[in-house]
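Written out below as structure tokens is the structure these notes cover.
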Amino acid sequence: MEQFYYVLKYLILGLFQGLTEPIPISSSGHLVLAQHLLGLKIEGFSFELLVNSASLLAVLLIYRNDLIRLTKNGLSYIFTRAEDAKSDFFFIIYLVIATIPAGVIGVLFKDYIDQYLKGVKMVGISLLITAVGLWIIRNLRGRKNDGDLSMKDAIIVGLAQACALIPGISRSGATIVAAMLLGMKQETALRFSFLLYIPVSLGGLLLSITDIANDPNLDTLFVPYVVAFIATFIMTYISLKWFMNIMAKGNLKYFSFYCIIVGVLTLIFL
């Protein structure tokens, strides 16, 4: 019975992570709230890495054609300087540049963030900040395509992603808001945001391999972890496909409304 409870608990959290990871409402913030409301305590550091890896796998699957094209054209430009591959080569460079701020800040301030910025009230405040950003860009229609991006764009979007280390600040929301304020088209902002998710997640996973291997709960929670991984992967895939349709229709304001409601309720009642 206890094993069933653990499986059910991790199934719920896996579905929750998968649903909230792609959409701009902060998956990390919602996991904090879910654990608080349900009285759940996650045993071990591996769980967060596990579900992030599942979400990463779903993103890789959805953007596999973009990744293949970028890799092919990036290598082509390096060796042949083919003009038609230039924009993809620099798109890769800008992704690398945009990855740096979150990587550096995450390494330097991880302990501080874990200790002081993961409280429920902080999540409520951060959700309200996310709501404001989404409201500001609700009617924006930029003109920049992949080939129009600059180093300045990459740095600013990278700094926005670093802000999302705070639970309640949505990573996808922060990067899409920054990208659209810089004049990117919605589809360009969305693609840059989720392709940027890949190196950040891979980096975090590689840096934490030893934590996973040494997790004392890995043996006892193996089945619940597997269930959570599968649930997160499936739900992330569905949620990201849905969010891509929402972005195409320009309905980001509804996520703003949601973040306001949850943020206010969190500050009042939790």
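Placement of Cβ uses the backbone N, Cα and C atoms for every residue, glycine included.
Since the structure is predicted, the reported quantities are computational estimates derived from the model, not experimental observations.
Same-chain residues lying 6 or more positions outside the transmembrane segment (5-25) and placing a CB less than 8 Å from one of its CB atoms are 31, 34-35, 38, 40, 42, 47, 51-52, 54-55, 58-59, 127, 130, 134, 170, 172-173, 176, 194, 221, 223-225, 227-240, 242-243, 246, 252, 255, 258-259, 262. What Swiss-Prot lists as transmembrane segment is 5-25 (among others), and the listing cites sequence analysis.
Sequence-distant contacts of the transmembrane segment (42-62), counting only residues of its own chain at least 6 positions beyond either end whose CB sits under 8 Å from a CB of the stretch, comprise 10, 13-14, 17-18, 21-22, 27, 31, 35, 194, 197-198, 201-202, 204-205, 208, 211-212, 215-218, 221, 225, 228-234, 236-237, 240-241. Under the heading transmembrane segment, Swiss-Prot lists 42-62 (among others).
Residues or ranges marked as transmembrane segment in Swiss-Prot (evidence: sequence analysis): 89-109 (among others).
The transmembrane segment feature in Swiss-Prot is assigned to 117-137 (among others); the stated evidence is sequence analysis. Same-chain neighbours of the transmembrane segment (117-137): 24-26, 29, 32-33, 36, 166-170, 173-174, 176-177, 180-181, 252-253, 255-260, 262-267, 270, counting only residues six or more beyond its ends whose CB sits under 8 Å from a CB of the stretch.
The annotation transmembrane segment is assigned in Swiss-Prot to 192-212 (among others). Long-range Cβ contacts of the transmembrane segment (192-212) within its own chain (Cβ-Cβ under 8 Å, at least 6 residues beyond either end) map to 22, 45-46, 49-50, 52-53, 55-56, 59-60, 62-63, 66-67, 70, 91, 94-96, 98-99, 102-103, 106-107, 146, 149, 157-158, 161, 171-172, 175-176, 179, 184, 218, 240.
Per Swiss-Prot, transmembrane segment is recorded for 220-240 (among others).
Taken from Swiss-Prot, the feature transmembrane segment covers 250-270 (among others).
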